[in-house]
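Engineer: For reference, the structure I am asking about is given below.
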Protein chains: 4
Amino acid sequence: MSEVLKEKCGVFGCFNVDNATLINYYGLHALQHRGQEGCGILGYDDQDGFLLKKGMGLVTKKFTMSDFNNWNAKNSIGHVLYSTTGGSIDCNVQPFFFNLNHESFGLVHNGNLTNAHIIKNKLESEGSIFQATSDSEVLAHLIRKSKEKSRLEKIKSSLNVINGAFAFLLLFEDEMYAIRDRNGLRPLSIGKFNDGYVVSSETYAFDVTGSEFIRDVNPGEIIRISKDGIESHYFSKNNFNNVCSMEYIYFAHPSSTINNINVHNFRVKSGELLAQQSKSYPGEVVIGVPDSSTSAALGYARSSKIPFDIGLIKNKYSGRTFIQPTPELREIGVRTKLSVTKDVVKDKKVILIDDSIVRGTTSKYIVKLLKDNGAKEVHLKIASPPIKYPSYYGIDISTYKELLAANMSVEEMKNYIGCDSLEFLTLENLKTLFEPGQGCFDIFTGEYPVDIYDLNKGV
Amino acid sequence: MSEVLKEKCGVFGCFNVDNATLINYYGLHALQHRGQEGCGILGYDDQDGFLLKKGMGLVTKKFTMSDFNNWNAKNSIGHVLYSTTGGSIDCNVQPFFFNLNHESFGLVHNGNLTNAHIIKNKLESEGSIFQATSDSEVLAHLIRKSKEKSRLEKIKSSLNVINGAFAFLLLFEDEMYAIRDRNGLRPLSIGKFNDGYVVSSETYAFDVTGSEFIRDVNPGEIIRISKDGIESHYFSKNNFNNVCSMEYIYFAHPSSTINNINVHNFRVKSGELLAQQSKSYPGEVVIGVPDSSTSAALGYARSSKIPFDIGLIKNKYSGRTFIQPTPELREIGVRTKLSVTKDVVKDKKVILIDDSIVRGTTSKYIVKLLKDNGAKEVHLKIASPPIKYPSYYGIDISTYKELLAANMSVEEMKNYIGCDSLEFLTLENLKTLFEPGQGCFDIFTGEYPVDIYDLNKGV
Amino acid sequence: MSEVLKEKCGVFGCFNVDNATLINYYGLHALQHRGQEGCGILGYDDQDGFLLKKGMGLVTKKFTMSDFNNWNAKNSIGHVLYSTTGGSIDCNVQPFFFNLNHESFGLVHNGNLTNAHIIKNKLESEGSIFQATSDSEVLAHLIRKSKEKSRLEKIKSSLNVINGAFAFLLLFEDEMYAIRDRNGLRPLSIGKFNDGYVVSSETYAFDVTGSEFIRDVNPGEIIRISKDGIESHYFSKNNFNNVCSMEYIYFAHPSSTINNINVHNFRVKSGELLAQQSKSYPGEVVIGVPDSSTSAALGYARSSKIPFDIGLIKNKYSGRTFIQPTPELREIGVRTKLSVTKDVVKDKKVILIDDSIVRGTTSKYIVKLLKDNGAKEVHLKIASPPIKYPSYYGIDISTYKELLAANMSVEEMKNYIGCDSLEFLTLENLKTLFEPGQGCFDIFTGEYPVDIYDLNKGV
Amino acid sequence: MSEVLKEKCGVFGCFNVDNATLINYYGLHALQHRGQEGCGILGYDDQDGFLLKKGMGLVTKKFTMSDFNNWNAKNSIGHVLYSTTGGSIDCNVQPFFFNLNHESFGLVHNGNLTNAHIIKNKLESEGSIFQATSDSEVLAHLIRKSKEKSRLEKIKSSLNVINGAFAFLLLFEDEMYAIRDRNGLRPLSIGKFNDGYVVSSETYAFDVTGSEFIRDVNPGEIIRISKDGIESHYFSKNNFNNVCSMEYIYFAHPSSTINNINVHNFRVKSGELLAQQSKSYPGEVVIGVPDSSTSAALGYARSSKIPFDIGLIKNKYSGRTFIQPTPELREIGVRTKLSVTKDVVKDKKVILIDDSIVRGTTSKYIVKLLKDNGAKEVHLKIASPPIKYPSYYGIDISTYKELLAANMSVEEMKNYIGCDSLEFLTLENLKTLFEPGQGCFDIFTGEYPVDIYDLNKGV
């Protein structure tokens with residue numbers, strides 16, 4: 001329910017796969033939770049060459065079966081786009097396709113570059129032009145401008161110019177490149193599909209498409225996929241496994257596994273640790289904010305021995321809410337999305353688990369909803385530390401202003417939200433869920449794994 | 001996930017409510033789980049008279065905000081339709097509106113009449129004609145033909161002619177009638193909305209619309225709502241509280257309360273009783289089939305002390321599946337709907353809770369899915385007794401052929417489904433969840449609370 | 001461009017035709033100009049029985065190819081609905097289907113009954129109920145209530161009860177009836193399609209579907225179509241060929257032929273007669289209001305020897321106009337629909353031909369448009385007499401208030417419209433286009449061919 | 001009805017116009033006949049900067065009123081796209097927007113560059129990358145790479161590099177440029193809208209939007225529009241008024257005026273000349289293929305004194321045709337688009353006027369349709385010379401193979417089409433409709449006004 005901390009994009013690609021674009025469609029469908037604003041697929045086949053279909057909206061809205069009937073591509077890349085704020089939206093829908101007389105190629109990107117502004121300035125002064133308001137095109141320009149001889153060397157040298165968080169897929173006529181930044185901030189995995197390969201932001205898309213997980217792409221790695229199979233290269237020697245902790249806390253699908261840690265299990269454990277922080281438990285029932293906090297609530301209940309229950313239910317038919325003329329009707333519109341199992345919370349001291357707090361407006365609403373339905377007390381437990389700093393790697397919380405924890409003490413937050421107590425998972429406890437030295441916690445600590453050059457640049 | 005046992009219809013009405021048709025829209029939206037095939041609203045206001053909008057599809061598809069902009073009705077009735085098989089579908093969408101020179105009125109119906117065929121024959125022989133393939137029009141004809149003097153007496157005498165399961169709302173220019181059959185087989189409740197009244201198949205729609213629950217309409221009761229408030233009448237003296245047990249087991253929204261029993265709580269208890277039937281537990285983890293079996297799984301876990309976990313996740317973006325040309329692609333299409341949290345079930349003995357088994361095809365698929373994801377054993381526990389008999393009260397399981405339990409022993413069912421053990425909640429245990437003498441269990445026992453005249457008539 | 005004088009409905013039916021419902025779709029598509037508000041098809045086949053699909057909107061919007069894929073009906077009836085004003089719109093979409101235990105049947109109707117109100121009162125007092133706000137159901141009730149023995153006799157006796165304008169198609173399991181009122185006010189023709197039969201409001205639909213025209217259904221005739229072929233019966237002895245003159249003047253497709261008179265030819269001749277009324281011609285160029293007045297303009301030009309030209313062009317991509325916030329933008333919205341060929345009218349005395357004047361607002365707009373584009377003078381010639389009386393046979397000009405000619409002299413109309421002269425075709429000249437004694441001219445003369453019982457009844 | 005000779009694109013722009021994007025929408029709506037595949041609008045306002053909306057489909061489908069509600073741009077450019085064959089369609093939808101750190105701008109293009117391939121090669125070798133498969137981006141790259149100092153000089157020097165047919169609009173934050181190639185192959189006009197300016201491919205869009213025509217942009221001219229008004233510059237000294245003759249013959253709207261010649265008048269005169277070529281006339285009635293050949297038919301009739309009539313009528317509700325399973329159904333699908341007024345052609349010698357013949361399949365179909373409806377003879381007269389050569393300036397007839405006249409003699413064409421005689425307007429006669437030395441007739445003569453560098457490149 002976190003209202004601002006939206007996921008930023010998902011990528012999926014196929015190489016040497018029959019019905020590649022349709023498999024790509026299903027891959028993107030499984031990654032839909034990473035972006036609902038736009039989507040697209042670029043396919044390549046020897047006969048018809050590259051063909052691109054992209055546009056605004058969900059994959060089930062943009063594509064229909066007839067789109068795939070005669071699309072015989074065996075190689076493809078696709079993208080789901082998360083919402084950008086303002087600006088020229090339609091032009092940011094990916095894949096980007098670079099149609100050239102020699103070596104046309106396509107690109108999809110999940111992440112954010114921290115020195116894009118500087119590179120764009122330099123490229124522009126040399127005559128390059130850009131069509132999107134996002135940074136994702138920069139890599140394509142660098143590759144084309146590179147003086148290196150081979151394609152691989154061009155890509156390597158270009159990757160060494162950019163900083164930030166990124167998972168890239170590049171599709172050429174005869175090969176695909178799957179690339180992950182040197183800090184491994186964004187997830188990317190490779191799998192097998194019959195005789196071919198698939199690459200995905202999350203392993204859940206392998207389960208759906210019936211692909212077999214091979215391994216994660218490593219930080220700093222370039223995997224080259226061609227008819228000869230897969231080859232591993234590195235563009236960087238100093239690599240770190242700093243996958244963004246928010247992937248586990250909020251973004252990724254519970255069925256996905258990143259760095260050998262299953263997301264659902266991670267969340268269950270975060271709930272257990274959260275319970276172990278307390279010596280006494282103020283509640284009689286533990287409920288989670290659906291869907292992303294159910295796992296943590298389960299963990300909290302297990303460790304605290306307080307019964308877990310289903311206190312909040314999301315409406316599966318919600319759909320679009322009308323713009324309503326009166327406050328009463330607006331409130332009804334909101335209530336169509338989330339309902340309370342009254343008997344579970346009535347006259348009870350409720351322990352409410354949420355994964356994180358960004359602006360706090362949803363938490364405030366839910367606490368009120370529970371109290372309106374008879375909850376005696378609501379104790380809010382957050383399965384991650386307070387988010388005090390903006391993120392610069394493709395997560396849309398780029399300003400201090402909207403971060404509740406950047407502007408209030410825990411006591412002030414408690415009063416704002418209206419709950420009876422408020423507790424966060426400690427950073428120390430969160431870190432125990434990662435291998436030593438791994439994970440990125442910048443939004444909790446303000447310590448960024450890479451230099452930030454473009455602090456004043458919104459996306 | 002029960003594939004045949006679909007819910008049959010929901011009704012919602014407003015009387016003396018500002019923006020009645022918009023409130024009705026939200027009421028139907030909250031009842032959408034009771035029928036997704038069609039929907040409609042009939043509004044009445046003194047200036048424009050009756051206005052009807054209805055059609056196929058979800059309420060969010062059929063209606064847009066502009067439909068309500070100038071619809072100033074203060075009284076309204078609405079309906080969500082569950083799928084009928086074959087026949088003239090479009091003509092069954094409700095409300096039915098009877099446009100007459102004197103005393104026009106509208107009608108919505110949830111349920112099924114067991115002597116409709118006989119009554120229709122008689123009415124037809126007298127010249128009546130019907131437009132729908134469903135029975136719901138019969139009541140309107142009987143009322144119009146009644147020789148009684150007052151409208152109330154006409155309604156009463158007509159209700160005494162029909163048998164079966166029904167919750168009716170009738171909307172006249174100046175009053176509304178809310179009616180429930182003498183066995184109370186279908187739920188119907190009345191609530192307060194500001195100065196007016198609302199009537200709903202389920203109390204969950206009161207929560208969403210911000211209405212205040214007053215009470216259930218009683219079996220055999222006619223509630224007349226007019227500008228003078230509500231009046232209670234009875235058309236029958238011998239009434240029974242035989243609400244259909246499947247409402248609790250599968251149909252109703254967990255947040256709803258019927259006969260003072262909350263649906264979620266009922267399901268939790270059914271899971272607890274199911275666990276208490278066994279002396280030993282073969283599993284290491286308890287998981288439920290989402291969404292309707294989660295509550296029962298929770299109860300089973302509580303009572304058995306085996307950990308509850310989230311082993312199956314429904315895709316919230318599922319949408320329509322394409323018709324696929326190959327079996328491999330078809331399987332992918334199915335997998336987009338339901339995913340397994342692999343780490344939860346891998347190498348585990350899994351206790352899988354489902355609410356009921358109808359044809360068994362979904363159970364078979366889920367057991368295979370769990371085993372494909374590494375489950376060592378799958379023990380299937382069903383939170384209701386075997387469904388051995390068809391239902392004649394508006395639930396679409398009208399033939400023996402498709403009921404697995406009508407055609408196989410438990411051992412045969414186990415083998416068909418492919419699970420390692422199979423256990424059902426006993427009828428005795430199910431009955432303990434009701435007040436003595438209450439509840440309808442006909443699909444488990446074959447004992448129907450009313451005579452069945454139309455055995456060979458499917459709807 | 002006549003803004004009020006809308007066509008009222010079209011009917012099309014198939015009997016013993018392969019892919020009957022798809023052929024019916026194309027038949028309705030060809031009759032789309034007779035009604036754009038709603039449409040529907042009822043099909044019958046021995047295996048699945050009756051199946052009905054209907055709803056609001058154009059046939060190309062309501063139906064998709066998949067609707068016909070498995071619809072194996074060999075018999076069908078269909079309808080396109082013209083807009084009704086206010087009231088319960090959705091319930092008037094036809095076909096009406098009467099689902100009965102014995103002898104279910106469907107009905108479509110083009111026309112209007114003048115004693116429906118009285119019959120409905122009587123039927124209601126006997127307990128009949130109606131679902132539509134239109135009169136079309138009345139016939140079905142009468143048939144069911146008839147004491148006659150055979151189906152044919154029931155239909156005959158029922159038709160003798162109703163007055164007004166009508167073309168009916170009735171579809172039973174084993175036969176179809178095509179019926180035309182005794183004055184022949186609405187057109188109806190029968191054709192051959194391979195081994196089967198088709199019936200249509202206009203012969204143009206035969207051309208499109210590749211059917212062979214046989215003959216018009218005669219006034220007072222009931223054509224019974226069964227596996228044995230077609231049989232002719234009459235429900236009335238005193239029949240008259242009073243087809244509504246507006247069918248030729250405005251409603252019907254130019255390619256259609258009614259009573260052996262081609263519609264386009266009729267219009268050309270009306271233009272010729274209009275020219276012959278004058279001794280001198282005030283103009284330098286003759287232009288018509290597209291599309292319905294082009295034929296008359298051609299005739300006028302031929303007879304007057306003044307050059308015909310294309311002075312007004314309809315935009316083929318017009319589509320829906322947005323609701324605009326400012327008058328300037330609203331005017332642009334209107335201009336998207338019709339454009340002037342400036343060079344044709346600039347500095348010219350223009351003779352503008354229109355088929356008829358109803359409210360005069362469109363004429364006023366077009367005269368202004370021509371003058372804004374440089375026309376020196378605009379002389380408006382109307383290819384029909386002034387419409388001074390409302391119509392009671394299914395044409396929507398039911399009140400005096402909106403008829404310009406009912407409220408103004410020709411001189412006043414000229415001033416209101418802003419043209420330099422205004423002339424109408426005389427009634428005498430119009431009548432010469434018909435066989436002696438034929439044709440209905442009620443809206444020009446106030447002399448109605450049948451008694452009007454329901455003067456105060458709007459549809 | 002010409003089935004291959006599709007129009008290629010239309011452009012419309014607004015500068016200093018209130019509700020610029022909405023006015024642009026209406027401008028594009030009026031240019032819809034120039035391209036139905038895609039459309040887009042780029043707006044600029046000081047507060048929100050550039051905002052781009054574009055996508056596949058008609059403007060009435062892509063845009064809704066809500067798109068314009070809060071779009072306060074005062075400057076904008078827009079484009080309607082004609083279909084390209086194969087390749088990456090979605091990426092060719094214009095406007096192209098170049099989002100740069102300094103001097104972002106947008107571009108729309110109607111036309112085709114003949115040396116784009118060579119320039120792209122050079123630009124690519126320097127590192128430029130392209131996103132569309134069309135050439136339209138090339139100009140933007142050249143401008144950015146130019147070493148000239150001022151923006152105007154950069155544009156001038158870039159335009160001197162490209163060859164071919166083009167009308168360009170460039171939109172910067174503070175100014176707009178309207179550019180036409182040195183041969184004036186594609187039309188472009190400038191108009192006044194209140195205090196601001198509009199630019200359009202055709203003057204018809206000025207009529208619709210209520211703009212006042214100022215003048216055509218001249219061949220070789222760059223019109224700079226800014227807050228200071230309009231300034232004229234030239235990038236070329238040797239300019240020619242070689243507007244493509246097909247604009248008059250087929251592409252442009254009849255209401256439009258190009259080089260002071262009204263399109264409808266041009267067509268009427270071409271028909272007159274065509275009649276004057278013959279000494280005797282073989283027919284009894286003259287009919288035109290709607291809509292584009294009606295004007296020429298009128299001219300032919302006037303000059304030959306043979307009566308003009310409406311023999312063919314286009315269906316205004318045609319819409320999409322279903323893919324049909326049988327030949328019989330496919331033929332019905334085709335017939336829904338065009339109908340014959342049987343009485344006009346039956347037993348007549350028909351003179352059928354068409355604007356041009358490309359592949360001849362439509363002509364063949366229409367001749368058959370006329371004969372099926374009883375025409376005794378069909379004499380086909382074409383209001384332009386035989387198209388023997390492909391076009392390289394943005395008209396999609398790029399190969400010899402599909403051009404009937406490139407592969408057959410007139411006699412062979414007559415036999416293929418099945419008409420009784422076939423005659424074309426002579427090139428000499430066509431040329432008399434232009435000022436001496438003006439007009440481009442390349443598809444008739446094979447003499448191209450500019451060098452063709454990219455012969456083997458289809459777009």
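Cβ coordinates are placed from backbone N, Cα and C, and glycine is handled just like the others.
Source: prediction; values computed, not measured.
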Engineer: Name the residue, out of A:Ser292, A:Ser295, A:Ser409, that TrEMBL lists for the same Mg(2+) site as A:Asp354, A:Asp355, please.
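Structural biologist: Site partner of A:Asp354, A:Asp355 for Mg(2+), according to TrEMBL: A:Ser292.
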Engineer: How big is the gap, in Å, between the Cα of A:Ser292 (Mg(2+) binding site) and that of A:Cys9 (active site, nucleophile), rounded to a whole number?
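Structural biologist: Just about 17 Å between their Cα atoms.
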Engineer: For A:Cys9 (active site, nucleophile), what is the secondary structure by DSSP, using just helix, strand and coil?
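Structural biologist: The residue in question, A:Cys9 (active site, nucleophile), is coil (DSSP, three-state).
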Engineer: By the count of other Cβ atoms within 10 Å, pick out the sparsest of the binding-site residues A:Asp354, A:Asp355.
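Structural biologist: Counting other Cβ atoms within 10 Å of each of the binding-site residues A:Asp354, A:Asp355 gives the minimum at A:Asp354.
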Engineer: Should A:Asp354 (Mg(2+) binding site) be counted as helix, strand, or coil on the basis of DSSP?
Structural biologist: strand
Engineer: To the nearest Å, how far is the Cα of A:Asp355 (Mg(2+) binding site) from the Cα of A:Cys9 (active site, nucleophile)?
Structural biologist: 20
Engineer: In Å, rounded, how far does the Cα of A:Asp354 (Mg(2+) binding site) sit from the Cα of A:Cys9 (active site, nucleophile)?
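Structural biologist: Cα-Cα, rounded: 23 Å.
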Engineer: Here are the recorded positions: A:Cys9, A:Ser292. Which has the lowest count of other Cβ atoms within 10 Å?
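Structural biologist: The recorded positions A:Cys9, A:Ser292 were compared, and A:Ser292 has the fewest Cβ atoms within 10 Å.
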